[in-house]
């Protein structure tokens, strides 16, 4: 008997991709979503309708028991439970079938083969199976189509940063459909600790977005497992890229693969969150980035953050707790079969390595509903996320000579402000704070806080570091605040007012120690910029203002790339309790202007002009312009710009050739020796 010829397969790539929302992938391989039929045609079989058995297999040791191997024949209807094939048409030597996978199939790359009767199976080739948010049976089903478009198919994102008084934003190119990104995402899963310890079990769990979300939150950071990005919060970034210089995930993921899977240097929270968004959207799990302002890092799980200052008002690095100006994490959309229907929907995942969970730097998925309701005893990492948005703050004066600490004040309304994400289909900010907690300071919010403490067994414990009721109830004699007077721009002097008010009906003498430090966005102090002290007497009920000027040359060399300064005034009131006044300031970079000169049309050149004016009275040099944008240009364009004299304007022109119609985003990043990573983006409407 002649050997069976190897069948050749027509995967109907275009039609299947259109049906499965996978047209944006640039792949010669079939990419489809689970729980939905796809069509293939193959030849080389005689009497095809007889005894055809298909085999779909994935992972290192495929088996029916682990649901990584399916064997199925031709049937008249689609199976509700398993894989199935329905005959569409046959001719003398070719056969067309419609193949369906179950809603809970393991995702990943599959080998498909066909067996006729008792002959040995012949390979039809490989295809990739992804999650299906468009299908109501899938755990990641998202009923709102516009949200599916945004959280799975949108390659452009906006990440919010700055601080609660001054929210800024920048664009990011997720690029989940670029060239090799899908293959890189599949290899991220195959390099996790879970896979290395037990590949068969790991692959069998890949039907579950909850499991994969947790695995990938561990793999996007390089701790424990040589994952994708190495974190660095030192302010020094030799041997790698400054975290604020990245503009997209594609470059990071490609670098990881090119280097033989060595961690990419360096990332901070928004980089981890953006890369995790790319990976999860690529695999079909609806995901977005979330920014929390005044975000608590509660290291000891007591839902309280302790901050320490010395007598001069300097912020001390004592204890592991901290408050970050902002922190970025992810929300992914899926059902929580382990917790019950009310906990389904948005789940918090965090790839930034802060605290270990189960012995690994991973975080989540924590149900957002559980966080709001104080259900901190549920899986996974709910106490940590709850504290990020709702911890109480204690500010202490610490005397290093005696080791004595005195409570200055405590507040329950400082943490978790203006929690933000990008709007669906628009380049706007949406505030989602009320999805994380009840109104700050309301009776309901305080009750939830007490409930959370009770669940963690904190309400009865004697805590020697906790403030006494007497300390908490002390009322200060004066109040103070910093007001901004003038612009907050790098290159300009910083003008502030310290406003002090006597709350009592007798005069008060106050000695004020003031300092200003450049900090990272995590509020870690880096360089002292300025200090001063004043002594003032305030008449009964009197308010006084004291102007403060910090000149640009004083802070220019000390500023970190986060462009943040913490100003503190520690007020020692004679015969009264101390008052701490502080303000975190984020300076704006000078503006860049992008103009599209002419109409942007598919496959036609269009000129773009980028203009920048040096705002300082000294020359700036080492100027570099980086540009990227999906469907507008391939890869990243890097342009060197000549030095700019004081107040000089530069204008740089380059060409784009758009490859696809529709609204596209161009991202620009400008750096020089005085200003790092000035980012902006422009929406370009491309027409056919």
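Keep in mind that glycine also has a Cβ here, set from the backbone N, Cα and C atoms.
Annotations in TrEMBL come from automatic prediction, not curation.
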**OP:** Would you mind telling me which of 1-23, 24-46 TrEMBL tags as region 'Disordered'?
**Re:** 1-23
Subject >> Shortest C-alpha distance to residue 445 (Ca(2+) binding site) - which of the active-site residues 269, 327, 350 >> reply: 327
Subject >> Tertiary contacts of the compositional bias 'Basic and acidic residues' (12-23) (same chain, 6+ residues out, Cβ under 8 Å) >> reply: 30-33, 36, 38-41, 130, 132, 134, 148, 152-153
Original post:
Cβ within 8 Å of the Ca(2+) site's Cβ centroid: which residues qualify beyond 390, 392, 440, 445?
Top reply: 391, 412, 413, 415, 416, 437, 441, 446, 449
**OP:** Would you pick out, from the recorded positions 350, 392, 440, 445, the residue whose Cβ has the largest number of other Cβ atoms within 10 Å?
**Re:** 350
Original post:
residue 390 (Ca(2+) binding site) has how many other Cβ neighbours within 10 Å of its own Cβ?
Top reply: 25
**OP:** Express the distance between the Cα positions of residue 327 (active site) and residue 269 (active site) as a whole number of Å.
**Re:** 6
